[in-house]
Every structure is written in C-alpha cells, then in structure tokens.
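Database features, via TrEMBL:
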TRANSMEM  29-49  transmembrane segment
TRANSMEM  61-78  transmembrane segment
TRANSMEM  84-108  transmembrane segment
TRANSMEM  120-141  transmembrane segment
TRANSMEM  147-168  transmembrane segment
TRANSMEM  180-202  transmembrane segment
TRANSMEM  208-229  transmembrane segment
Amino acid sequence: MHLFFLLPSTGFLGWQLRAMNSTLFIIGVIGNIISVLVFVSPIPTFWRLVRNRSTEDFEAAPYVLTLLNTLLWLYYGLTKPDGLLIATVNGFGAVMETIYVVLFLVYAADNVKRVKTAKLVAALDIGFFGIVFVATTFAIGGLDMKIIVIGLICACLSVFMYGSPLAAVRTVIASRSVEYMPFFLSFFLFLNGGVWAMYAILDRDVFLGVPNGIGCFLGGIQLVIYAAYKNSKVGCQSPNNDEVAYDASTSLLSSDDRRYGQNDVSIRV
C-alpha cells in the first residue's frame, strides 16, 4: 500500500498499486458503514431504558468492555500509518459506547449496580487503557514495536469478544431453540468479521486480520446452527426477543432469570 505513493508510475505496476489502493479504500468504507450500523443498533433498547428510567436487570459489562475495545483500536488506528479508516469507525464507536455507559450510570436500577459499573469503567476503560497508553508512549521505543504491542493487545481482546457468543451455541443445541442466539448478532459477527478480514488481507495487517478472520468463521458457524434450529418449536419465545435480536453490536447481558442475550458480547474492528 505504501509503495503506491513511492512509485507513482504509469506502467503495469503503478496501475496494480492504484487499483489495490482503491479497492482497499472501498472495502474500508464498506466496513465503516457496517460497523456504524452495528454501533447504533442498541439505540431502540436504550430508548426503552431511558423511557423506563431504569436499566432493570440488564448489565453494563459488555458495553464497558466494548468501550475498551474501541479505545484500543482507535489508538491503534491513530498510531499506524494509513490507519485512518480504522480510527474513524472506532472513534465513532467510542463515542456511542461512552453514551451507553453513561446511561447505565444514570439509570442504574440501584446504587449497587451503579457502583459496580463505575468500578468496571475505572478499572478497564480508564485504568487498563491508561496503562497501555503510557507504556507504549514512554516505555517502548520505535513506531514499529509500538504498533506490534498495541496490535497484539487489540487482537487478543477481539478474539475473546468474538468467541464469547459461542457459549450460546451449546444452549441452542441443548434447547433446540434459536431464541438464545439472535440472528442479527450472528449475522453481524459474520459480515463485520468478513469485511474487515478482507481489508486486513489487502493491507497486510495481521493484527486486524486474525481476530476478524476468526470472527467471520465463528459467525458462520452460528449462522449454520441458526439455520439448523430456526424451525424448531421447542421453547417459548421471549416477549422482548426482537429487541435483543436487533441489539447485535453490544447485546445486554441479563440476569439469570432472563433467557435471552446471556452470552452476547460485542465485537469491534
């Protein structure tokens, strides 16, 4: 990608480089659009929480973790040359996740949940991210090593978040009901992972490619499981199942008495 700017020739090599650069940009823009749609998908659920002025039995942990993920990828995109498209979408995501976390603090069902959420934010979004930022800024010399360290941290966290919803697969197979695994969550896992994996391949970015390639594969597995059990009549549908299905980006982890969304954890580029 960088050779495009160093070798602006009019020959066959220059044409190839220009074509690859254009393709990379287009795929990156598509990835941004998909990711933005994923980031805004929880809005109907949060509107309901604001209307009721209570988070009820929902937990803030997935949103706090997603905020950390977007902050780390934003930092990676700003640090890496030509990482603009990675930075822009995660900058938007960080803003949206911050709003969601603030709403959890404001409308917490009780003071215990509010304190728990505040501690998570302090430990992960402020503490852990702060440590990564300070360590990579002052303790690591050289841009290449800095990118490697940040990229490894981002990749490891993303792999964990992509794999977390697989816990729902066991429940689906045991209950023979897909109400435990909303379609849109699996669909966005597959689509989001696939587009950004393709972007990473063209950009030769292993840190972006590995977690998103895994995410695409795991999302595909969930779609296959969904197709296998979608016509099963076992189990009753939850009245709020549609809302949870659309909450694909940062699905709310509910308490044990709720039967949906228990294993949904969001993923980001």
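Placed from the backbone N, Cα and C atoms, the Cβ positions cover glycine too.
Between the transmembrane segment (147-168) and the listed ranges 61-78, 84-108, 180-202, 208-229, the one holding the most Cβ pairs under 8 Å is 208-229.
Counting Cβ pairs closer than 8 Å and at least 6 residues apart in sequence, the transmembrane segment (180-202) and the transmembrane segment (120-141) reach fewer than three and form no contact.
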